[in-house]
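Just below is one structure, and these are the notes that go with it.
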Amino acid sequence: MEHTYQYAWVIPLLPLPVIMSMGFGLFLIPTATKNLRRIWAFPSILLLSIAMVFSLHLSIQQINGSSIYQYLWSWTINNDFSLEFGYLVDPLTSIMLILITTVGILVLIYSDDYMSHDEGYLRFFVYISFFNTSMLGLVTSSNLIQIYFFWELVGMCSYLLIGFWFTRPIAASACQKAFVTNRVGDFGLLLGILGFFWITGSLEFRDLFKIANNWIPNNGINSLLTTLCAFLLFLGAVAKSAQFPLHVWLPDAMEGPTPISALIHAATMVAAGIFLLARLLPLFISLPWIMSFISLIGTITLFLGATLALAQRDIKRSLAYSTMSQLGYMMLALGIGSYQAALFHLITHAYSKALLFLGSGSVIHSMEPLVGYSPDKSQNMVLMGGLRKYVPITRTTFLCGTLSLCGIPPLACFWSKDEILSNSWLYSPFFGIIASFTAGLTAFYMFRIYLLTFDGYLRVHFQNYSSTKEGSLYSISLWGKSISKGVNRDFVLSTMKSGVSFFSQNIPKIPANTRNKIGSFSTPFGAKNTFVYPHETGNTMLFPLLILLLFTLFIGSIGIHFDNGVKDNRILELTILSKWLTPSINLFQENSNSSINSYEFLTNAISSVSLAIFGLFIAYIFYGSAYSFFQNLNFQNSLVKKNPKKSFLDEVKKKIYSWSYNRGYIDFFYTRVFILGIRKLAELTHFFDKGVIDGITNGVGLAGFCIGEEIKYVGGGRISSYLFFFLCYVSLFLFFIP
């Protein structure tokens with residue numbers, strides 16, 4: 001066993017040879033390298049597959065042996081200071097290694113087809129392979145300085161990949177926004193690391209945990225200083241895992257290619273913050289104020305992310321806010337000390353969200369020939385609908401991913417989310433209420449995404465109806481109200497120019513010619529007009545979807561309880577995950593062998609599933625089979641004419657829509673307060689520098705010049721002038737002497 005662990009350091013380095021080969025090829029023989037560019041996908045996938053096999057072998061040994069292995073190289077700077085570099089293999093490391101490698105391989109396979117026509121194909125594979133290397137190095141790090149080094153590499157790779165299409169101004173702005181926002185958290189992380197180094201004189205995890213176990217309980221260290229340093233460490237996780245209030249970069253990160261969106265949201269960047277907290281949880285758990293703050297931030301984030309996802313029309317941004325909300329669940333679980341539930345949800349969510357993002361990429365890929373290659377159109381759910389007829393495999397996989405995230409058994413996320421909900425109710429009813437309510441919202445907005453994308457009729461022609469005199473379907477808001485002529489379309493955040501009904505009953509009447517166009521378009525055979533239809537993607541893109549579907553169906557089994565004997569007349573139950581995590585759980589004395597009451601489990605499961613089903617039902621009422629409502633528009637329009645006054649419910653819907661679609665006005669607030677404020681401060685500083693500082697300096701010089709000129713003309717070389725001024729000076733001197 002130890003012999004295998006000795007070579008674990010190879011895992012992060014395995015993708016490097018192909019990265020260096022592609023880099024040198026692009027610099028030295030660019031033409032030949034680009035001509036053979038599709039060949040480079042194979043070694044990238046092969047080397048990461050070797051890393052996956054190695055990681056799987058380590059994980060099996062972890063489950064069977066339940067041991068922690070650490071190997072260090074000491075680099076002595078002087079007699080008083082030395083740095084230690086190495087790698088750490090424990091249950092948390094093995095879980096993250098499998099997660100990163102499996103999702104990374106599937107994303108690479110998917111990208112080979114998805115990016116095949118892109119000029120930056122090789123550059124994309126270099127970036128994404130280095131992204132995987134950085135994350136593998138992060139999770140195997142044995143101390144804080146190594147974590148910070150790879151932490152910054154992960155941030156750099158995300159910057160490069162989010163701005164991959166840097167010629168698009170929106171993408172360039174998005175990567176800068178992500179970079180700057182994460183710099184705030186990274187600065188806090190660096191200060192926290194330096195603070196703990198000043199306290200302990202070491203950057204090793206074992207020394208930090210010694211503080212938690214010995215010094216803090218015995219008041220051997222300043223608790224206020226320790227709390228401050230722990231808060232700074234947590235700030236790094238807040239930015240990297242898109243927690244409130246540093247979450248604003250996450251939806252803009254969708255400007256990158258869809259495969260990298262899947263990797264960022266499933267196994268790399270946003271998982272890094274959760275990993276950091278899980279790694280340092282033995283330290284945080286000894287600081288009650290920090291734990292309460294972590295759980296509070298997680299609760300705010302999970303609710304905020306769900307509300308902001310309600311009215312998004314971009315399919316990828318909707319999924320991005322979903323990720324934000326689910327990361328909030330993990331943060332809440334860590335804050336209440338539910339280490340196992342947090343990691344369980346990290347695993348199940350990673351595979352489900354990777355499935356959803358790659359499925360959305362398949363949808364986007366099929367829509368681009370119809371609506372163009374602009375993300376504003378190809379990612380717009382307004383122009384989708386009825387795709388279940390054209391992309392049945394993608395539709396099936398997307399539906400399973402949706403139901404999993406909604407918490408429907410026996411899919412993966414049901415088991416992990418149910419455990420978090422149960423633990424949150426036990427910890428605090430306040431957290432339990434918000435987490436449970438958000439579970440219903442999750443089911444609502446996720447099923448909304450599915451219905452707008454795959455249900456009803458294909459609405460691709462809505463983009464051309466703005467000139468139709470009888471009615472405009474493209475100008476219908478997502479909440480069912482037509483955009484009036486008086487709407488200010490230049491509002492700083494409101495880009496609402498199109499949409500699909502949120503409440504289907506209020507859809508305006510469709511003209512006859514419009515209905516005919518829709519009918520002929522959505523009928524593949526016998527259509528009068530010739531159209532290009534959406535089509536299923538190739539096998540290279542479908543294969544990762546099917547593999548992720550299997551993970552979504554069965555990965556939840558690692559958290560299912562099985563009989564582990566009887567103790568004190570109670571049945572002890574154990575899960576594969578709890579056995580896997582036993583060494584890590586023992587670090588902070590959490591009992592891995594918990595007694596489970598089947599009745600309590602069923603009660604909690606029924607309540608959580610009921611909330612999910614209720615959310616699905618409400619979403620289906622508002623969005624399901626939109627074409628069936630089109631047939632009753634005359635009746636609905638008659639009701640609207642009879643009741644022209646807006647009800648209180650309409651006002652509430654309008655407010656909720658405005659809040660959700662405009663991102664809670666948080667970006668607007670940051671723009672007004674921070675961006676414009678900093679610009680005004682810069683202008684004021686520039687004025688003070690030029691007008692006051694330079695003015696004083698230039699004024700002194702100018703005054704000296706003028707005085708010199710006056711003295712020059714005073715002398716003139718005449719003795720009479722010298723005598724005159726001499727007498728004047730003597731007279732003044734005598735006059736002022738008392």
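Keep in mind that glycine also has a Cβ here, set from the backbone N, Cα and C atoms.
Since we're looking at a predicted model, the values are computed, not measured.
Residues or ranges marked as transmembrane segment by Swiss-Prot on the basis of sequence analysis: 39-59 (among others).
Residues of the same chain lying 6 or more positions beyond the ends of the transmembrane segment (125-145) and with a Cβ under 8 Å from any Cβ of it are 8-9, 11-13, 15-16, 18-19, 22-23, 26, 40-41, 44, 48, 51, 70-72, 83-89, 92-93, 96-97, 100-101, 104, 107-108, 111, 151, 153-154, 156-158, 160-161, 164, 193, 196-197, 203-205, 208, 259-260, 263, 267-269, 271-272, 275. Feature annotation from Swiss-Prot assigns transmembrane segment to 125-145 (among others).
What Swiss-Prot records for 147-167 (among others) is transmembrane segment. Nonlocal intrachain contacts for the transmembrane segment (147-167), taken as residues 6+ away from its ends with a CB within less than 8 angstroms of a stretch CB, comprise 120, 123-124, 127-128, 130-131, 134-135, 137-138, 141, 174-176, 178-179, 182, 186, 189-190, 193, 236, 240, 252-253, 255-257, 260, 264, 268-269, 272, 276, 279.
Swiss-Prot lists 185-205 (among others) with the feature transmembrane segment, giving sequence analysis as the kind of evidence.
Taken from Swiss-Prot, the feature transmembrane segment covers 219-239 (among others).
What Swiss-Prot records for 327-347 (among others) is transmembrane segment, and it gives sequence analysis as the kind of evidence.
Per Swiss-Prot, transmembrane segment is recorded for 354-374 (among others), and the stated evidence type is sequence analysis.
Annotated transmembrane segment per Swiss-Prot: 425-445 (among others), in sequence order, evidence recorded as sequence analysis.
Summarising the annotation, Swiss-Prot assigns transmembrane segment to 542-562 (among others).
Feature annotation from Swiss-Prot assigns transmembrane segment to 610-630 (among others); the stated evidence is sequence analysis.
According to Swiss-Prot, the transmembrane segment annotation covers 691-711 (among others).
Marked as transmembrane segment by Swiss-Prot on the basis of sequence analysis: 717-737 (among others).
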Looking only at residues six or more beyond either end of the transmembrane segment (185-205), which have a C-beta under 8 A from one in the stretch?
83-84, 88, 142-145, 148, 151-152, 155, 211, 221, 225-226, 228-240, 246, 279-280
Need a quick answer: max count of Cβ pairs under 8 Å to the transmembrane segment (354-374), which of 219-239, 327-347, 542-562, 691-711 is it?
542-562
Please report, as numbers and ranges, the same-chain residues at least 6 past the borders of the transmembrane segment (219-239) whose CB is under 8 Å from any CB of it.
151, 181-182, 184-186, 188-189, 191-193, 195-196, 199, 211, 246, 272-274, 276-277, 280, 283-284, 287, 289-290, 293-294, 297
